[in-house]
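Per Swiss-Prot, these features apply:
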type	residues	note
ACT_SITE	Asp18	active site, proton acceptor
ACT_SITE	His46	active site, proton donor
BINDING	17-23, 45-47, Arg332, 358-360, 440-442	GTP binding site
BINDING	Asp18, Glu19, Gly20, Lys21, Asn43, Ala44, Gly45, His46, Thr137, Arg151, Gln247, Thr262, Arg330	IMP binding site
BINDING	Asp18, Gly45	Mg(2+) binding site
BINDING	Val326, Thr327, Thr328, Gly329, Arg330, Ser331, Arg332	substrate binding site
Amino acid sequence: MKATKGRNVVVVGTQWGDEGKGKLVDWLTESAQGVVRFQGGHNAGHTLVINGVKTALHLIPSGIMRPGVKCYIGNGVVLSAAKLFEEIEGLEKAGVQVRDRLRVSEACPLILPFHSALDVAREAAREQGGTEKIGTTGRGIGPAYEDKIARRALRVQDLKYPERFATKLRELLALHNHILVNVLGSKNFTFGDALKPYIKDGEVQFDAVYEEAMRHAELLKPMMADVSRELNAAHAEGANLLFEGAQGTLLDVDHGTYPYVTSSNCVAGNAAAGSGVGPGMLHYILGITKAYCTRVGGGPFPTELDWEKEGTPGWHMSTVGAEKGVTTGRSRRCGWFDAALLKRSAQVNGLSGLCITKLDVLDGLQELLLCVGYELDGEKIDLLPMGADEIARCKPIYESIPGWTDSTVGVTDYDKLPANARRYLERIEEVTGVPIAMVSTSPDRDHTILMQNPYAAQ
């Protein structure tokens, strides 16, 4: 008898990242047999809290915390082998089995030390030239994607062939060292401790990069795989898969607040291209959104509040929400919920349902403001514009909703939420036109309200 094909869910961030995707992916993996990362690199940070223990992941899919769940890093991810093994070793010290459950696509482009050097040097050059920084993490993500698009990247599969790897590495170093020294003036830069072992007189050294890559090659070989083939086979055999997005829709290189974006497509459609499955295998798109908005780094943010002034709503969000980046440690900018922004995210992702996270952070605020549109150059609009310049000119149009004083922390029954909290959530549904499937009421895995299970929804 032929097996029933599995049901697959895509989880994407709908704002500027940091929406709490890691917790929800971990929660959903109770119904999944495989979890897939399909874009980004170790610039993304996911925090999981299980039985009070906090775990931060950057590359490895969040499903690794569920025993028996297979984890896949798809071809759309740019891979730092050094950071991957750093993460693996940290998990193994905590008693988590990783290597026998992790598969890495041979088509992943590699992030190498010269990519990080380029990233750091470019941001420094922008700052010295008086240009606003993009706000990258400095981890080489953008330069690695540039090499991929230019068809010159070293990929995971190249690690299997040392001579070929060495030839391509010399070619890349000739190009990138020229840019570092002669265009960006790297001889005048002081690189951080992580890069110093690879750099001499502003240039990245071949031997240091090659020797480390060959050490990683031996460790990585048992995990190398044709991820596309494995995912399609698992689906055909009835496995449920979960595709885990990184960053958020408004950081998407095409649909975000360009140029203040990441270097990959963060939207749901890239789950197919970034892992090697057909779009027909993506059955439910779950959009994760905070009950307010945050953003790290530069770029327009229409509903931003003064989050540094004590006693203000923005300060409340920042402090109660512990709004610091998992990857960078930078403080996140905070602001009111933007439903017009979410409508844009719903449009480009084709959202099936929403998960609202950090509802508990809003406990105690007397009044909440909900952005339902903007005034742009004298005209009222109800959808986030495409261009960063236009977004910067948008003045939010707010609706006022009363806050609540009762705690929502740990609530798992929708009907037990304060009446005004339910009113707030219902208004978000009305304005965006997307049903709420789940609500998170603390970082803990079990503090989740379920209205519609994405794996059961039809």
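Placement of Cβ uses the backbone N, Cα and C atoms for every residue, glycine included.
Keep in mind that what you see is a predicted model, and the values were worked out from it rather than measured.
This view paints the features noted in Swiss-Prot onto the structure.
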residue : record                       : DSSP class
Asp18   : active site, proton acceptor : coil
Lys23   : GTP binding site             : helix
Asn43   : IMP binding site             : coil
Gln247  : IMP binding site             : coil
Gly329  : substrate binding site       : coil
Leu359  : GTP binding site             : helix
Note to self: Let's check the environment of Gly17 (GTP binding site): how many other CB atoms sit within 10 Å of its CB?
What the structure shows: 29
Item checked: Same chain, 6+ residues apart, C-beta under 8 Å of the C-beta of Leu359 (GTP binding site), given in sequence order -> Ala291, Thr408, Leu417, Ala421, Leu425, Val439, Ser440, Thr441
Next item on the list: Return the single residue from the binding-site residues list (Lys23, Arg330, Arg332) that has the minimum number of other CB atoms within 10 Å.
Entry: Arg330
Item checked: Cβ packing number for Asp18 (active site, proton acceptor), 10 Å threshold -> 29
Next item on the list: Compare the C-alpha of Gln247 (IMP binding site) with the C-alpha of each of the recorded positions Asp18, Gly20, Gly329, Ser331, Arg332, and give the closest one.
Entry: Asp18
Note to self: Return the count of C-beta atoms lying within 10 angstroms of the C-beta of Gly329 (substrate binding site), excluding that atom itself.
What the structure shows: 9
Notebook entry, point to check: Could you state the CA-to-CA distance between Asn43 (IMP binding site) and Gly20 (GTP binding site) to the nearest Å?
Noted result: 15
Check: At the level of the C-alpha atoms, what whole-angstrom distance separates Gly329 (substrate binding site) and Asp18 (active site, proton acceptor)?
Finding: 12
